[in-house]
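Chemist: Have a look at this one before I ask anything.
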Amino acid sequence: MKIALIAHDKKKKDIVQFTTAYKPILEKHELFATGTTGKKIMEATGLNVHRFQSGPYGGDQQIGALIANNEMDMVIFFRDPLTAQPHEPDISALIRLSDVYEIPLATNMATGELLMHALDRGELNWRQFVHGKKDD
Ligand SMILES: O=C(CO)COP(=O)(O)O
């Protein structure tokens with residue numbers, strides 16, 4: 001599975017804690033992240049993560065493009081609901097596209113943990129049948 005990992009600044013410690021705890025599951029999959037999130041995850045866990053641009057510089061849109069091509073299977077996005085972000089339109093677009101393409105999306109730690117356990121039980125294996133498909 002292709003998994004996107006994203007966290008706003010006040011949630012960076014959470015995503016590092018999360019990816020450390022779930023490394024045994026995550027290391028079986030192809031990981032992608034926005035720039036700074038990916039850097040911190042790689043430094044803390046040693047996981048191999050494909051880094052895009054930083055979120056405010058287009059990283060969210062790069063991940064959104066993969067979603068639109070059915071080339072992303074899950075998004076773990078620990079967003080900060082209490083801090084205004086300069087790239088709010090990009091964030092909204094990414095979340096909207098996750099719903100358009102019915103991509104499992106976690107915007108907080110609790111939901112992220114549920115998705116990790118579901119992933120590990122094989123409950124998302126259906127995603128392999130939609131890779132690369134475009135809507136008719
Ligand atoms: O702003 C972000 C997502 O909207 C995260 O970007 P960074 O991982 O580069 O901090």
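Yeah, the Cβs are placed from backbone N, Cα and C, and that goes for glycine too.
The domain 'MGS-like' annotation in TrEMBL covers 1-136. Taken from TrEMBL, the feature substrate binding site applies to H8, K12, T34, G35, T36, T37, S54, G55, H87. The feature active site, proton donor/acceptor is assigned by TrEMBL to D60.
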Chemist: Of all the binding-site residues given, H8, H87, which residue's CB has the most CB neighbours within 10 A?
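Modeler: When each Cβ's neighbours within 10 Å are tallied, H8 tops the list.
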Chemist: So how many of the residues in the domain 'MGS-like' (1-136) end up helix, strand or coil by DSSP?
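Modeler: Helix/strand/coil tally for the domain 'MGS-like' (1-136): 71 helix, 20 strand, 45 coil.
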Chemist: Hey, what's the widest CA-to-CA gap across H8, K12, T34, G35, T36, T37, S54, G55, H87, the substrate contacts in the record, in Å?
Modeler: 17
Chemist: Write out the long-range same-chain contacts of T34 (substrate binding site), meaning residues 6 or more apart in sequence whose Cβ is under 8 Å from its Cβ.
Modeler: I6, R51, F52, Q53, S54, G55, G59, D60, I63
Chemist: Have a look around S54 (substrate binding site) and count the other CB atoms within 10 A of its CB, chains all included.
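Modeler: Within a 10 Å radius of the Cβ of S54 (substrate binding site) lie 16 other Cβ atoms.
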